[in-house]
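Asks: TrEMBL feature annotations, pasted as is:
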TRANSMEM  B:6-31  transmembrane segment
TRANSMEM  B:38-58  transmembrane segment
TRANSMEM  B:64-82  transmembrane segment
TRANSMEM  B:94-117  transmembrane segment
TRANSMEM  B:145-162  transmembrane segment
TRANSMEM  B:191-210  transmembrane segment
TRANSMEM  B:230-252  transmembrane segment
TRANSMEM  B:259-283  transmembrane segment
Amino acid sequence: MPLTTRLRAALLAGTVMLAAAAPRAGWADEQYFPLQSYRVGPYAAGGTGFFGGFIDYLNLINARDGGVNGVKLTWSEGETQYEVERGVEVYERLKSRPGIAAWNPLSVGIAYAMIDRITADRVPLVTINHGRTDSTDGRVFPYVFPLLLNPYSETSGIIQYLGTRAGGLDKLKGKTIAVLYHGSPYGKETIPIYAQLAERYGFTVAQIEVPHPGNEQQSQWLTIRRLRPDFVVLRGWGVMNPVALKTAQKTGFPADRIVGNVWSNSEEDVIPAGDAAKGYVAITTQASGTAYPVIQEVVGKVYGAGNGNLADRKRIGSVYHNLGVLNGILNVEAVRIAQGKFGARTLTGDEVRWGFEHLRLDEARVAALGAKGLFHSINVTCANHEGEGRVTFQQWDGAKWTVVSDWIAPDWASLRPIIEASATAYAKEHGLTPRDCAAEEAADAAGKQAAAAAR
Amino acid sequence: MSPDLAFLIEVVVGGLLSGVMYALVAIGFVLIYKTSGVLNFAQGAMVLFAALTFVSLTERGLPFPAALAATLAAMGVVGLAVERTVLRPLVNQPPITLFMATLGVAYVIEGAAQLAWGTQVHGLDLGIDDTPIDLGGVLVSRFDLFAAATAGLMVALLSAFFRYTRTGLAFRAVADDPLAALNTGLRLPRIWSAVWIAAGIVALVAGLLWGARLGVQFSLSLVVLKALPVLVLGGFDSIAGAIVAGLIVGAVEKVSEVYLGPVIGGGIEGWIAYVAALGFLLVRPSGLFGLRAVERV
Amino acid sequence: MDALPRAAPRPHLPAGALGLGALLVLAYGIVPLTGTSYLFEALLTPFLALALAGLGLNLLTGYAGLLSLGSAAFMAVGAYAAFNLSLRLPGLPLPASLLLAGFVAALAGLAAGLPALRLRGFYLAVSTLAVQFFVAWALNRIGWISDDSPSGVITAPRLVVAGLSFDDPRGRYLVSLTVVTLLTLVAWRLVSSPTGRNLVAIRDNETAARLVGVKVARTKLLAFAASSFVIGIAGALWAFAYLRTVEPAGFNLDRSFQILFIVIIGGLGTLRGAFLGAGFIVVLPLLLARLGAALLGDGFDSGTLEMVQRIVLGALIVALLIREPAGLAALLDRAGRRLGRRAA
């Protein structure tokens, strides 16, 4: 039976190959980052930039410092094309490798599908600048870290900034703001927050949906034209962003009164719009450009040695690349902080989680890391997994982004009750008991004291 | 003119001009469907491939006309290759098999385009300013007018080709009755090749115009979704139908989004065109131009 | 089985009944004992869900000859219906909520099938796109469908049947396997019943079917309903057993095409086809990716690999359609016959 034999042989070979995801046993002192990257498909430009920056930074730490306190950083990639089921497949494939530090999918959908899985497997999930808002509440989501900025803080940050543009938050009264959002769960997430802030500050908000993928926006912008808003907030995604800017120009709305959110803030969003994007402003958690010592080191020590990840060196210092580098800094520092408690060795996911939960980088530490001006600071605690990230605003001049605002602190205090209510509902639905953060912190402090006394 | 009326006119005009852009993509489908009965889903991939090739060539320093010529040649090669390697072996297969095969072709073209030119997002500047002109209180985009003119020119050229050249006449004979055409000694494969090349050229034009608006990136291949309701309404086999249906679909879409959207919820543009086309067909199953023969899967 | 009415003459078991039995023994007996979590979570569960969706679409496209590009929408309807049923009727057992979700999807299918009474071919196919986009819009627009969750992504309930938790990789696989087995059985009864023959009659020649007394309109709508029923349950499995989250993005047009691929590649008008096709579409890309990674090493640019893989997959599809337009099922049949001849 030649055919069946051949078929069987092929199947066997396949199973062997699928099982080849098995660990490379016996390598002590390595910390592994599984990467669910996306380098093809509609969002490939963001994926190559972000994962390129992340890998560049891991390379820098290995090349410059020989790893984190001698622990070598390793990684491998699985392509997801930004699709949830591929992300899940990559998770299942890579999750059995030893020494996993954290997962960094940079995809809302994949992140959601992983929450149950990583909680069961006890490994941290980092969703920098995106992800599930209520996972900010670390009491209910111990393993999930929406570092720096969740969607609600982003909304608050944008309104704070528009307040400064208007000459004070109180001056927003009577103004009209249009929010143009992508027709997806992601786009809709901030609708109630904008409504709430409109009520508080007395401005009128019109929230207008653009159906996916957003390659035609004539009617939305005509509606905006009739509305004559003072500002338009662009909560876009992929191709929707350049089309929005182009159509704004076409309908005579000035670009400098359009403010983009974190998924509308990259070079890929403005370059296709050409001149129409000149003057456009967008929020960011990290400045772009190569002027920062850490980026200079990436250029010198990684790209100089021919190990750079970006195919096109011109993209070094771009928004997504710098976000990737920043993500690298946060991951590496979490590992370093955890090593301080558990020792300089390969850590378990739970131990790295502790590190993330104590990820406190003040401005001095940020400067020491060579990232002064790249980002402001972060202060993650047991209860607050976002970490009070500051935001800034950048303006596109046709060739590059220039920072045009201070570091702005979103109004976290007023958002916190909404987040807690949502997290509590989640806990109830899933039969979880929220952690007692005060007690854990006290225990931590007591442990530290005991260690000091023993010394 | 009252501001409300001016606004309505603006919406309708904007819709009609958007409709031209939809028709541009739809014409590529029609050319191929007319001669070989294939709903060529690779048309979107061809649009992407054409625009990506053109923009990558110009970025590498090729002057505009040279890049255009090179891309035209590339599209010709792609069209020929598809015809030779995929359609000819599949001749006489049911339409659904051919349809699936073109989806396979779309994978190959998308993969090859991105492998060759990378996945980066490119800007494409055709040198036409996209600023609006004020016509009596109604804003009209210069770029849209240019696109409409281009589409008109293309349709005129295509009609001239079909009316005055041998291949064009043969094309019409095949479209009207393939068996009869075959009996008179026309060589079908040659006509198919010509049609696929023509579809490649249409894809290039659509790719350049859409690419100037969206940027040249993967999402460019999604513009086919805007062309499908146009095809349903205008018929898969009529170029005139594609143009008229494109205009109707564009106007209906914009008017309903602007006036109906606030009532039943925004973002209805994604499906309203399909529903409108469908509603029309249910009332008048023979379509806009009444040319359609009964067909089955 | 015996509880089912025996209105139809009982069809003969296919010649491969023994093989089928062996397959079931393998699937129920050996795989659960030896499989790894990767096998269950990343291969078998999605394979089963998509095979089931393919089975459903095959009832419509393969047997009744009606082309649909809206399968993902019916999957979504099934998934969201199952979610809402288990959310709003807390005591409802899982099998019941799956079944009811199937009926909700069937209703949606009936509505979507109405144009089929007047349209054919690609016109019908494109009209099913209206359903595809309308459902995506409605899911996104109407808050209560996703329980007013601010992000619109909802967590699927845990799999518990009769007090037993199936909420681990093996359990999820077994639940999917059981659902798929039962529905395959039902589908097999359907296609070998007079109704099934009516479907084929309409596909082969509608006018002739009408002449011999087939109620064409009713049968077409029935095909839509039955097909959507199966696809809806497949959607619920996809969301509950595989992804464990429910969000509209996963049920997009690409998914509809994927399911159509499964049916065409596997073989129209055969029940086996859906499984073969799903195997091809789900497992083959993963095998290609592993093969590429094994040949080129871990560090190779995953993007390039993915694009090569896409080209290879597209080329394989075209090659397969050229070599055997009737799909993998026909290819296997031919291989089987050749084997039989050689043995004889």
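Glycine is treated like the rest: Cβ placed from N, Cα and C.
A TrEMBL annotation is a machine prediction, not a hand-curated record.
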Asks: State, in range form, which of B:38-58, B:64-82, B:145-162, B:191-210, B:230-252 has the highest count of Cβ pairs under 8 Å to the transmembrane segment (B:94-117).
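Replies: Comparing B:38-58, B:64-82, B:145-162, B:191-210, B:230-252: B:38-58 has the most Cβ pairs near the transmembrane segment (B:94-117).
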Asks: What stretch of B:6-31, B:38-58, B:145-162, B:230-252 shows the most Cβ pairs under 8 Å to the transmembrane segment (B:64-82)?
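Replies: Comparing B:6-31, B:38-58, B:145-162, B:230-252: B:38-58 has the most Cβ pairs near the transmembrane segment (B:64-82).
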Asks: Any residues 6+ beyond the ends of the transmembrane segment (B:38-58) with a Cβ under 8 Å from its own?
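Replies: That would be 25, 28-29, 32, 64, 66-68, 70-71, 74-75, 78, 82, 87, 95, 98-99, 102-103, 105-107, 109-110, 112-114, 116-118, 122, 124, 199-200, 203-204, 206-208, 210-211, 216, 218, 220-224, 227, 236.
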Asks: How about the transmembrane segment (B:191-210) with the transmembrane segment (B:230-252) - do they touch, taking at least 3 C-beta pairs under 8 Å (6 or more apart in sequence) as contact?
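Replies: They do not touch: fewer than three Cβ pairs between the two stretches lie under 8 Å.
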